C-alpha cells in the first residue's frame, strides 16, 4: 500500500510544481500553493477545507506541527462531508492529503505525537500569531470603522498592505475554525475554557475579521473592510443609510436572520415577502447602493458624519428606472402602482426601485420581455403596497409555495420560462419563423389591455402560457416573419412607389420628347392609378403576411388591416376607372373634360389628405399637434394612416435636424433623376420606338412570344438592365454624397490635422494647454503648482506642462510596457515633471535632442550681433527652448554644488552674462569660439553626477574646477577675465587650494532630475525626428494629440463622473497562447512565434530589452525561465485577437481612473497625500482611495459562458482565465454553472449564473450564484450569454466590447469626457447609445487585411459619422458603443436573442433603441482597437454571416416598423444603410445576369442582327451609360469613394492618391468584386431558404496556404458556378451575337462581365499564399482528386468526401415554397439548348419545335451512353468481361457514327462544340431540378445516377479552374510576384516575408 501512496505523492508534488510554474507571473493576488489548489468543488463549496489547507501551507515554515494539525482537521472535514468519496475528484484528493499528512509526520522524526496536546499547541500558536501581527490593533480599527464609518490616521502606522492583511485574516479565520472544532473535546477548565471565552468574545464583537473574507463584488456591504475604503465615501455611506430599515416598514418576523454584519434594510423585507434568492438580493443591494451613490456624487456631497441623499437624487433614480413602466401604464391607460409622485415618500420610491431591480435580476430569459417585467412589477408593487400597510411582514400570495415560503423564481418566472423554452424547442428548434412565438411575440402580448386577462397570480390556462402542440402552432402576436422577398416591398413600399412613379413620369416625358403640355400632363397623371394600385398591393401583402396571427392578434390591428384592404381596393378601382374615362375622353377629341376635372378633384383631395396626415405624423413641428387632438374622428384616420404600436410613437426629430437630412436627400435625388433621365431613359426612347414600329422580323428560332407582339421581348431585353440599374443606383449617389458630406464634417471636426510624427513635433508646444482644458477636471486644476501665483504666461505654460506631464509620462510608460518603444525612446519621449523652481517649460528630449550642438555650431559661425544670433536660433523654437533650459539648468546645478567662494564665482559669472544679454553685448563678453571646450567640461561634470555615486565627489570637484578654469580663462572676455583673476576673495581661495576643493553631492530630487536631463541634452547627438520608430506608436500618438483639439465635453472629476461598466461576451476563443502553440509549426515550418518575430521585429527587440535579455537570445532560453516564458506568452497573445489583449486594454480604464483620481487628491483621510509641489503619478496604483474611487466608477465583466465546464474538464482556457483574474483585481468573470450532482436521469439539470473574482490565494472566489429557471440558451448564443451576465454590471453606462478588441491608456483617459455626452445636447432626445470610432489593428498583416481594414475603417468613421449626423439613422453595429445602461436594461437589454431571426443580434439593439425613442450619436475623438479577419476565407465567412443576418433582418418586425414609421427621407437613409445596401449589392450582380440573358436572347433569336440590318441602328449605344455605371459599381469604385475621402481627410491628398493606386495594383478591385458575390449569394439564399447561422471565422494569424479543395468547397456554389454561367453567356454572345462595331464593341460591352468572371473564379487562388508554387499545386491536385473520389457515408464530414459535402450543400432546400422558387430559377439553364439547336449548320433555317424535341432525344442518348460507360455492377467476372466488350464496341461505333454524320450531313465540327455548349447548361438545369425534388428522384431510383452526374460536373468545373493555376505554377516568377502582391505592406516595412513563406526549417537545420 505504501508504494502507490508514494507514487501518488510524487504525482501530486509534480502537478503542484507545474501549476506553480504555469501561474508564475505578476498578479495582485497570491497563488494557491500546495494541495489547497486541488480541493474538489463539492468540498470547497460546502466547507472551508481549501482555506484551512492554504493556512497550513502558509504557516508550515513557522510551525510545522500546527500545519499538520490543520491538515488533519481538513481531512476529517472532507471525510465527514463525503465519507464514501462519491464526489468528483474527492477520492484522489483524500489520498493526496493523507500522503502529505504522513510526510509531515515523518519529518517529525518518528517521535510519538501526543494528539492530546494538539489543542494546546494550536491555542499557543494562535496567541503568538495574533501578537506578532498586531491583530488586536486591526480589530479595534475595524470596530471603529464600523461605528464611525471613517479611517483613523493610525491605520497607516500598521504598515499593512491589502494582500498582507487579507492573508493574516485568512489564516486567523482558519485557526479559529479548527480551534472551535477541536475545543469540543478539550478540557473546559483549561485550554478549552480559554478557547470558548475567545470564541464568545469574537462572536459577541461585530469585529470578527469576517469583513475581509466575506465575498463581495465592489462594496463590502455584509461587513466593513479595512482593505477597501469604498464605504467611507460620503455618497456610499449616504446610499447605504438610505436603504436601511425604518419604522414605517412592517416588522420582520422574529425568526428572520439578517445576513452578514449589517443592519436590516428594505432588501431584507423584499426577500422575505417575495422569496427572492439571497444572492440576487445581495447583487441588487449593491447595484442600488452604487446607483444612488453615483447619482448623488454628481451633486454636492459634504463629508458629514451621517451624510444624507438628496430628494432630487432619489427622484432622478426613481423616474429613470421606472420610466418604461410609467410609459407602459400610460399607453394601456391604467393606473400606476402609486397614486402620484408627490404622494409617495423617498422610502417608498427606493423600495419600488429595489423591487424592480430584484424582479429584473432574477428574471433570466424573461429580461428580453421588458413589458412582461412591467406587468409583473405592476402587480407585485400593488401586493407590496398592501403588505407595507400591515404591522408585520408576510409572504406575498403570488409567490407562495406549498411549503408556505415565498419563491419568486419558482412561482413567477418558471412558468413563463417553460413556455418560452417549449416554443424555442418547437419542432426541435427547426420550425419556420412563422410557426413559433419568439421573444418579441411574447413581449408584445403585453402591449394590449388584454394582457390583464393573464391574471395575478397568473392563470396557467391563459393563451400567453399556452404551450405549442405538435399538430397545432400557437398564434403570433401581430407580426409574422414569413420567408419572402415581399417583405422588402411591404416594409419600404413608399420607396418603391416613389421610384416607380418617378420612372413612369420621366419615361412619359421622355417619350413626349421633353415637351410639357396638357397632353403630356394628362399622360403623366397616370401615376395616380399606379400609386393607388401599388398602395393596394401593400394592403394585400399586409393581409397575406399577417396569416398566422389572426387568431391571437389584437382585434384593432386585424380591423385596421381589413379596413385598409377594402379601402385600398375601392380607391384603386375608382381611380383607375376614372382615369380610363379620362383616356377615353382624350381619344374622342371631345372638348368636354368632365372626367378629367373629376379625376383632378379626386386626385387632389386624396393627395391633400395623404399630405395632411404625412405632415401631422412625420413633420416635427406638427407632430405634437396630432398628439394633442382627441377628436375620435381625427384619431380614427390617424390610426388608419399609421398603425399605433407601443414602440415607435413619436419618431421625429428636431426641425433643424429634419431640414438637414431633407436637403441631403433632395440633392441626392436631384442627381439621381437627372442622371436617370438624360443618360438612362432618354437614350432608349428612339431605339424603342424604332423596334416597336419595325415590320415582322425574321426569328432564327421558334419564337413563342415576341413575333406578333411588337417585338416585346426585344424591348424588355433593352430596358431590363436600365430598369435594374435605375432601382439600385440611388445607392451609388447616396454613397458619393455621404463621402462628400462625411469629409466636410470630418474636416470641421478637425480630424486629420495631425497626421504625421513631424506634426506631433511641431505642435507639441500646444498640447499641454489643450490637454488640461479638455481632459483635466477643475478639481485637478486646483493642484498647487508653486508657491506664487504669477500671471506671467511662462508660469501659466509651466503650470499646464506640470499638469500634463504625469499623464503624458504614463502614456509613454504604457507604450513601453506594450513594447512599442525602447527604453531609450521612453527616456526621449518622457516629459520632465515641470514642478521644480526652474522658471521655464521643460520639453521632452525628443524635441530638444542635438539642438544644443546645432546652436553651438550657429554660435561658432556667428559674425553678427547677439540679436542676429538669437533670431537664427529662434527660427527653431525648440532650439531656443533647449538653449534657455541648458543655461538655467547649468546655473541651478552649479549653484547647488558649490558653496562659499565658489558660489560667489557662479553668481558673478551669471550676473555678468545676464547683464551682457540685456545690453545685447553677449558676443563681446564671451568668446563663442570656446563654447565647445566649455561644453566638453560640462559634459564631463554631468556624466559624473549622473552616475549617482557620492564616491565620485572628488572627481566631480575636479571637473568643476576645470570648468571654472575654462570659463575664466577661455570663455569670457579679457576685461572680465582680469576682473575675475584679481578678485581677492576668489584669488585667496584659489591660492589656498580651497576653491572647488569639495562639492555638495546633489540629494535634492529636482537637482538629480536636472543633472540627468542636462547630460542627455548635451550628449544626445542624433536627431530624434524618427522617434518613436514604431508605426503603431506613431499612429496612437498622432491620433491622441489630434483629438486634444477636437470638440469634446469638459471632464468632470472622477468622483462626479458617470459610472460605467465594460461588458465582453466570451465563448471558447483563444485566451492566451500556450507555449506549445507558440512552437507549433505549420506545413511550411513556420511557428506563430517565428512569424510574429518577423512581422514585428522592433517590438520583439523591445520585449527582449524589457525582460533583460540580449537581442541574440534564443527562444528556448527564454522558455527556460518560468517568468520570462509567461511574459513571452503574453507578448504573443497581445499581438493576436485574444481575450488577454482585450482584458489588458479594457483594464486601462481602471488605470486611467486611478491616475486621474490620484491627481485630483480627493482627500478623505485614507491616503497621506504629499503636500510638496511635485505633481507626480508615482504610487497612484497602490493608493487605496484611488483604487476604491475607480471601482466605484468602473466595472469590467467578462461573460465566459462555459467557464464552469472548462474548469471541470481542466481545459487550458480555464487556467488562462484564472490567470487573467489573478493579474487584474478589477476583473470579474460571469459564467453559467451546470449542477449535475443531483442528476439521476429524471431530475433536470440545475443552472446557475455565477460571478467570480480572484481571492487572496489566487483562486476563484464566488461572489454571487443565482439560480436560473433552466438552460439560458433558448435563442442565439451571444445575446443569451450577455443577458445572463448583464445583472452583474453596474453604473449608468455600459460599453459593449467584443473579444477581438483592444484599448489604449491614452484613449481611456477620455472616457469620462465621452460619458458626459449623455448630458450634452444632441437633438430632441438625450443620447441612448454613444457610437465610438474604431481602429482596425490587423491591417498590416497582408494586402487582403489592408483592404478589409480600409473598408472597415471607412464604415466605422466616415459612414457612421454621416449616419449619426445629419441622417439620424445610426444604429448599433456590435461594438464598441456605449449604452445608457438603465435605459436599455429596462427596455429589453443590449441585444435581441430570438433564434436565427436575430442572428445579427447587435443591430437589433439599435433598432430597439430607436423605436423606443432613444438617440444614437457618433463620436470620433476617442477610439477603440478592433481586430478583423485577415484571410480571404475568414473574410468570406464573416461577410456571409453578416449578409445572412441582413437577409433575416428583411423578415423582421423591427425593419418593418422603422420602414413604416420613419418619415420618408429618414426611411431612405435607414433603407440604404441596412438591408437596402445588400439588396443593391445583389441588384448589381443581377444586372449582369439581366443584361447578358437579354443579349443571349437577342443573339439566339437573331434579332440583334435583324434589327441592325433593318433599322441601321446600333442598339448598343443606348446602353453605354447604364453599362458604364454598372461596371464602376461592380469593381467597387463607388464603394471606394468613402474610403478615398477618408484617406484624403486623415492622410492627406498625396498619401491618399498613393494608397489608392497601391491598392489597385494589389488587385483590390478583384477582392471587392469577389466580396460582391459573397454578399449576394448569402443574402439571396437566406431570404429564399433561410439557413443563416453564426459562422466561426477564426481569429488566428493567417499566412498558411489553403488547399485547392478547401477553396472549392467554400466557393463552388457561391462564386464558381455563377461565374461559369456568366462565362457561358459571354461565350454565347461572342459566338452568336451581332455587334456592328465588331470586336471593340464586344470588348466594351463585356469587359466588366469578364472581369467579374475572372475575379469570382480565381480570387481565392490569387489571394492564397503560395497559390502558384509548383510543389503546393501538385499536392493540392492529389488532395482534390482523393476528396472528389472518396465515398461518403455516415459520420464522414464534407471536408473529407465529395459525396458528404454535396449532401451538405443541399440542406438549405427544405420547404415546398423553396423548391418551387428553385425550380423557377433553374428554368433559365434550358435557354441555352433551345437557342443553340436552331443555330446549328445541321438544322439550317428550320425553326420547328420538332428540332428542339429531337435535341432531347440526342441528350437522352448521350446520357444512356454515359451510363453504359460508368456502369460497374458487382457481378461475376464473366459478366464484367461482356460489359467491357460491349463498352468497346459502343465506343468504336460512336466514333464511327460521329464521323459519318459529319461527312454525310451538314453537321460540322463547330456544331459539335456548340452542342456541348448547349447540353452542359441543360445537364446542370436537370441536376438542379433533381436536387430540388430529391425525394421524388430518390423514389424513382435515379438518385445514384444524379450523384454521378453531379460528381462529373464538379470534376469538370474543378479542372477548368485548376488548369490555369497549374500552367502559371510552371513559372517561378509568378509565385514571387504573388508574394509581393499579397505582402506588399510587409515588404515596404522591411519585413522578411520570404522567410515566413519559405519556412524556418532550413535555418534550423543549418
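These residue numbers are counts, starting from 1, taken along the chain as shown.
Any Cβ shown, glycine's included, is placed from N, Cα and C.
Keep in mind that TrEMBL annotations are predicted by a computer and have not been checked by a curator.
As annotated in TrEMBL, transmembrane segment covers the listed stretch 1745-1765 rather than the other ranges in 1745-1765, 1871-1891.
For the domain '1,3-beta-glucan synthase component FKS1-like' (347-459), the model's pLDDT averages out at 92. In terms of DSSP helix, strand and coil, the domain '1,3-beta-glucan synthase component FKS1-like' (347-459) has 82 helix, 3 strand, 28 coil. Sequence-distant contacts of the transmembrane segment (492-511), counting only residues of its own chain at least 6 positions beyond either end whose CB sits under 8 Å from a CB of the stretch, comprise 520, 523-524, 526-527, 530-531, 534-535, 537-538, 673, 676-677, 681-682, 685, 689, 723, 726-727, 730, 1459, 1464, 1467-1468, 1471, 1476.
Two recorded stretches are said to be in contact when at least 3 C-beta pairs lie under 8 angstroms, sequence spacing 6 or more; the transmembrane segment (1470-1492) and the transmembrane segment (1641-1663) meet this definition. Counting C-beta pairs under 8 angstroms (sequence separation of 6 or more), the transmembrane segment (562-582) fails to reach the transmembrane segment (661-679), with fewer than 3 such pairs. Note: the stretches the transmembrane segment (1616-1635) and the transmembrane segment (1848-1869) are in contact (3+ CB pairs below 8 A, sequence gap of 6 or more).
Packing against the transmembrane segment (1641-1663) from elsewhere in the chain are residues 1343-1344, 1432-1433, 1485, 1488, 1491-1492, 1495, 1516, 1519-1520, 1523, 1526-1527, 1530-1531, 1563, 1565-1567, 1569-1570, 1573, 1602, 1604, 1607, 1610-1611, 1615-1616, 1618-1620, 1622-1623, 1625-1626, 1629-1630, 1633, 1635, 1856-1857, 1860-1861, 1874, 1877-1878: each is 6 or more residues past its ends and has a CB under 8 Å from a CB in it.
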